[in-house]
């Protein structure tokens with residue numbers, strides 16, 4: 001094979017866009033999210049198992065069925081928070097750093113609002129029951145708390161991306177793996193909330 | 001045969017020099033602590049898992065010595081409880097899976113023609129966590145605070161009320177800590193096998209061992225969360241007064257068992273599956289042909305890993321669940337024998353149609369088939385609910401799972417040790433010594449565990465520290481004890497054989513067996529960069545195939561040599577088409593540092609030093625953040641417009 005043909009058929013020459021194909025980081029994050037999703041599935045499965053194995057009344061006597069207003073507001077804050085991330089990611093794929101910065105800031109604010117709402121929800125509920133009141137209390141706080149921890153981790157990632165993007169020299173049209181991976185995690189944290197909303201807040205009313 | 005040089009590589013001397021410069025490490029303490037080389041990490045996994053195996057084996061010897069005769073008072077009940085719990089826990093979590101992950105770490109990049117794992121630093125982190133988690137658990141034994149309620153740790157026995165002290169906190173925290181390593185390792189295997197295969201290695205050319213380890217990794221990803229959640233809830237119940245397993249406050253003790261076995265049964269296959277992969281890897285070299293029915297075997301591997309999630313209740317046939325669920329899980333447990341049978345018959349057909357070369361690895365494979373089939377046979381007996389309820393919690397169960405696990409995991413692991421020792425150490429083992437080891441291990445295993453079927457059927461319960469003199473119990477127990485010493489001597493001979501090979505063995509040629517896979521096409525032991533030229537794969541048996549071998553010789557393209565940096569090739573997931581070069585990380589302190597702060601976190605949780613734990617958690621986050629911090633690049637390279 002002559003040098004010219006080789007140069008034209010080598011990996012670099014056949015590469016049409018950068019980065020090409022799914023990155024190892026993408027696969028790594030997807031697998032991580034899959035195993036985390038399984039963890040939440042087990043957690044919510046445990047909720048329903050304990051619910052159906054306990055008596056007729058759920059929540060157990062002494063605890064009122066959860067009110068819906070605040071959790072629905074929380075949902076309205078958290079679910080749309082994925083949109084700015086998507087917008088930011090599409091922006092940096094075109095090399096527009098301002099969109100990355102603006103989108104991440106918006107998501108960060110929405111996420112922090114969610115956590116603040118969750119704190120006020122806890123402040124209210126703790127008057128009624130705690131982690132140690134009964135199995136219902138344990139489930140309520142462990143499930144929502146574990147999700148809250150995930151939101152916190154996701155926000156740390158978003159804040160970390162924002163810091164790196166403000167520094168400059170971090171992300172661009174050819175280098176945005178980290179943005180994409182953090183975005184996948186954030187979408188996951190959002191979607192899990194929908195499952196938690198259904199389990200904790202809506203299902204006792206069914 | 002007796003040369004130590006690999007086939008003349010298609011890379012120039014100058015290119016080899018540059019590869020060495022990018023990948024090589026000068027031996028020093030710093031290099032030892034910071035390496036991310038998958039071969040070194042793999043070796044460490046093997047040695048560390050071997051040490052934990054020795055500790056767990058010595059615990060078993062102590063127990064067998066105690067049980068040699070009735071009414072023995074060598075061990076107190078408290079000591080005995082800790083020994084059998086640590087024996088089971090360590091064999092399952094600290095030996096079997098890490099040992100097989102060790103082989104996976106060493107071999108997967110070599111089998112698929114890559115220069116390292118997909119995430120080398122994560123790989124190093126996984127090893128350090130495994131080491132620290134193992135030490136964390138074993139360190140409790142000298143203080144008399146080791147886990148003491150059996151490896152499956154049923155509540156309510158393991159609740160704070162019935163088992164006070166740190167025992168079960170060590171168990172739950174230790175396994176949570178270890179779980180990080182297992183999950184990270186699994187993700188690494190999956191991504192490595194999907195993205196780093198040599199060009200041309202489409203999915204239908206992937207070696208069976210790699211299929212097996214990837215299927216295992218998928219099972220870990222889906223099964224381990226159940227165990228982690230279970231342990232987290234146990235720890236919360238014990239330490240912080242939650243009520244997940246407390247029936248008085250709306251909890252349920254069976255929740256523990258369900259979650260445990262949703263993990264626990266797939267875990268049996270998590271242990272056995274890579275070992276079956278070893279068998280499929282060893283057989284071609286000693287039968288001089290490929291494994292019969294490659295596609296069927298792959299199908300069986302995938303089928304087992306899926307069906308294994310639908311059989312867990314057969315561990316709970318004695319808990320009074322609804323009849324209908326018994327029927328379902330009984331049927332599922334019977335169905336799973338079909339793909340297992342396909343594999344066994346594929347190996348038998350391979351041996352029947354091939355030309356046998358009887359060397360030590362093949363002996364262990366034959367020993368595996370005999371022992372594993374016997375274990376599988378009693379396994380199908382357990383799938384029948386009525387029989388299960390008769391023998392549950394008796395020594396019959398102990399006999400069954402030792403046949404499955406020693407037959408299904410230890411024998412293949414021993415085969416693998418002898419088979420790959422020349423590749424790992426660059427030295428040949430002593431054949432005679434190996435044969436002695438095989439016959440002693442084989443005989444010792446059967447003399448120890450076969451009688452357990454009998455005194456199990458005679459009614460002897462498991463997990464008793466001593467027993468009264470009953471007809472049929474005393475004599476057979478003594479036989480078991482004698483067998484266990486025989487087994488121990490055999491295993492000692494394996495160690496002697498390995499040490500002898502490293503010290504005195506003759507140098508191994510690159511391909512002592514005429515093997516079919518890529519690791520035999522490079523040096524023994526391989527250079528730091530594994531392959532001077534990454535191969536272009538043309539068949540399922542690249543080392544038996546001229547065009548694949550020639551691709552590593554003269555005339556290779558520069559982008560399969562990649563001498564200009566520490567890089568490897570990414571290829572497409574299904575077809576193995578070239579996509580691009582990627583930079584690989586070099587040695588780093590971060591994995592060790594991160595594992596140390598995690599160890600601090602779990603230790604602080606164990607002793608209830610919560611402020612320290614909080615500081616450690618922040619340190620973990622900080623280390624991860626610096627680990628992933630993007631390097632600064634010029635705008636032109638990044639592609640920035642605004």
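Placed from the backbone N, Cα and C atoms, the Cβ positions cover glycine too.
Predicted automatically and left uncurated, TrEMBL annotations should be read as such.
What TrEMBL lists as domain 'Cytochrome oxidase subunit I profile' is B:26-538.
Annotation comment: TrEMBL describes B:45-63 (among others) as transmembrane segment.
The transmembrane segment annotation in TrEMBL covers B:83-112 (among others).
Residues annotated as transmembrane segment in TrEMBL: B:124-145 (among others).
For B:170-194 (among others), the entry in TrEMBL reads transmembrane segment.
A Cβ distance under 8 Å defines the sequence-distant neighbours of the transmembrane segment (B:206-227), meaning residues of its chain 6+ beyond its ends; these are 100, 104, 107-108, 111-112, 175, 179, 182-183, 185-187, 189-190, 193, 197, 259-260, 262-264, 266-267, 269-270, 273-274, 276-278, 280-281, 291, 294, 297-298, 301-302, 304-305, 308-309, 517, 540. Positions annotated as transmembrane segment by TrEMBL: B:206-227 (among others).
The transmembrane segment annotation in TrEMBL covers B:293-314 (among others).
Long-range neighbours of the transmembrane segment (B:326-350) within the same chain, counting only residues 6 or more positions beyond its ends whose Cβ lies under 8 Å from a Cβ of the stretch, are 276, 279-280, 283-284, 287, 289-293, 296-297, 299-301, 303-304, 307-308, 310-314, 317, 365, 369, 372-373, 376, 379-380, 382-385. As annotated by TrEMBL, transmembrane segment applies to B:326-350 (among others).
Distant neighbours of the transmembrane segment (B:362-387): 275, 279, 282-283, 286, 314, 317, 326-327, 330, 333-334, 337, 340, 344, 347-348, 356, 396-397, 399-408, 411-412, 414-415, 418, 434-435, 438, 441-442, 445-446, 453; these residues of the same chain sit at least 6 beyond its ends, with a Cβ under 8 Å from one of its Cβ atoms. As annotated by TrEMBL, transmembrane segment applies to B:362-387 (among others).
Away from its own ends, the transmembrane segment (B:399-421) comes close to residues 91, 96, 99-100, 103, 106-107, 268, 271-272, 275-276, 278-279, 281-282, 285, 359-362, 364-365, 367-368, 370-376, 378-379, 382, 427-429, 434, 437-438, 441, 445, 448-450, 452-453, 456, 494, 497-498, 501, 508, 513, 519 of its chain (Cβ-Cβ under 8 Å, at least six residues beyond either end). Annotated transmembrane segment per TrEMBL: B:399-421 (among others), in sequence order.
Under the heading transmembrane segment, TrEMBL lists B:433-458 (among others).
According to TrEMBL, the feature transmembrane segment maps to B:478-502 (among others).
The transmembrane segment annotation in TrEMBL covers B:612-629 (among others).
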Point to revise | Intrachain neighbours beyond the transmembrane segment (B:612-629), with Cβ under 8 angstroms and 6 or more residues off its ends | key: 121, 590, 593-594, 597-598, 600-601, 604-605
Check your understanding: Tell me, what is the mean pLDDT of the domain 'Cytochrome oxidase subunit I profile' (B:26-538)?
Key -> 95
